[in-house]
Amino acid sequence: MKNRSLVSINDFSKEEILQIVDLAAKFEENPNQELLKNKVIATLFFEPSTRTRLSFDTAINRLGGRIIGFSDASSSSTTKGETLKDTIRMVSNYADLIVMRHPLEGSARYADEESRVPIINAGDGANQHPTQTLLDLYSIKKTQGTLENLNIFMVGDLKYGRTVHSLLQAMSHFNPVFNFISPDELRMPDEYKFWLDSKGITFYEHTEFTDILSRADILYMTRVQQERFADPLEYEKVKNIYILKNSMLKNTKDNLRILHPLPRVNEINTDVDANPKAYYFQQAENGVYARMAIIASILGLV
Ligand code: NCD
């Protein structure tokens with residue numbers, strides 16, 4: 001992985017993915033190490049973020065590195081009309097590694113072509129979110145003891161949700177069964193379903209999930225991605241379509257864990273938070289260790 005970018009989760013092999021997951025566990029045991037001494041890492045967030053940016057910042061700080069960048073593109077020269085190409089060319093002369101979030105699909109791949117240093121994609125539009133996937137895999141492995149043969153339910157905005165796109169591709173290494181639950185308007189795009197077919201992975205599509213929830217090992221809830229809708233009225237129609245309530249978890253498996261990349265809006269009722277099957281806040285903590293593992297691997301420090 002040394003000196004390689006992480007733009008799509010498919011940039012890393014199954015073995016490399018497993019190495020990161022194992023390394024995340026080691027960082028969780030021992031999170032304060034000076035591995036990034038004398039390293040400067042740029043975090044360029046052209047789109048809002050709380051967890052992703054702060055967990056990258058925490059990971060870099062705990063490893064003794066230094067950070068440059070911005071959390072709001074309006075404070076950068078983008079507002080003066082600077083192109084992404086020029087910004088990346090320049091920042092890649094300042095930093096050893098660039099972490100970037102951008103609203104356009106494909107922007108991270110483009111940045112990678114222009115950059116002299118590796119790029120970590122922290123989300124490019126509705127396309128990919130590979131670092132979220134690595135922390136999701138770490139969370140799944142920790143809670144299930146394995147990544148193999150799991151029944152994964154993905155619920156909500158499967159069209160615009162980049163987290164589910166990356167996660168389904170990574171999980172496909174581990175013989176899962178997928179259940180996709182969404183309104184018709186927000187179904188998993190065909191390109192991902194064709195991709196699953198080509199790998200021989202079984203998936204089912206539904207518009208409801210209450211009756212089948214007893215089969216799930218992982219219930220991955222997602223937010224309807226309001227910012228990606230061209231028509232606000234279309235968003236209004238689907239915004240509260242699924243709301244998970246504690247009462248719905250009665251007949252579920254003991255090992256079931258509820259994941260959500262966060263932020264949640266209304267899709268998980270707060271009465272679920274105290275249920276031991278709710279794992280989304282621990283999942284967000286795991287993001288620090290997974291991102292330490294990603295950075296250290298790409299900079300060749302482990
Ligand atoms: C997700 C994202 O940005 O794609 N959030 C995150 O990174 N934890 C999910 C979302 O915004 O709904």
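Placed from the backbone N, Cα and C atoms, the Cβ positions cover glycine too.
Computed from a predicted structure; not experimentally measured.
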(message) Based on TrEMBL, name the residue from Arg89, Arg101, Arg109, Arg228 that is recorded for the same carbamoyl phosphate site as Arg51, Thr52, His129, Gln132, Leu262, Pro263.
(response) Arg101
(message) Show me the subset of Lys80, Arg162, Arg223 whose Cα is within 10 Å of His129 (carbamoyl phosphate binding site); these are the binding-site residues I mean.
(response) Arg162
(request) Around the Cβ of Lys80 (L-aspartate binding site), how many other Cβ atoms lie within 10 Å? Please give the count over every shown protein chain. (result) 6
(request) Would you mind listing, in sequence order, the residues at least six apart from Gln132 (carbamoyl phosphate binding site) in the same chain with a Cβ closer than 8 Å to its Cβ? (result) Thr52, Gly123, Arg162, Thr163, Ser166, Leu167, Pro261, Gly287
(request) Would you mind listing, in sequence order, the residues at least six apart from Arg51 (carbamoyl phosphate binding site) in the same chain with a Cβ closer than 8 Å to its Cβ? (result) Pro261, Leu262, Pro263, Ala284, Gly287
(message) Using a 6 Å cut-off on Cβ distance, which of the binding-site residues Lys80, Arg101, His129 come close to any atom of ligand 1?
(response) His129
(request) Specify all same-chain residues, apart from the site residues Arg51, Thr52, Arg101, His129, Gln132, Leu262, Pro263, whose Cβ lies within 8 angstroms of the center of the Cβ atoms of the carbamoyl phosphate site, ordered by sequence. (result) Ser49, Thr50, Ala122, Gly123, Thr163, Pro261, Gly287
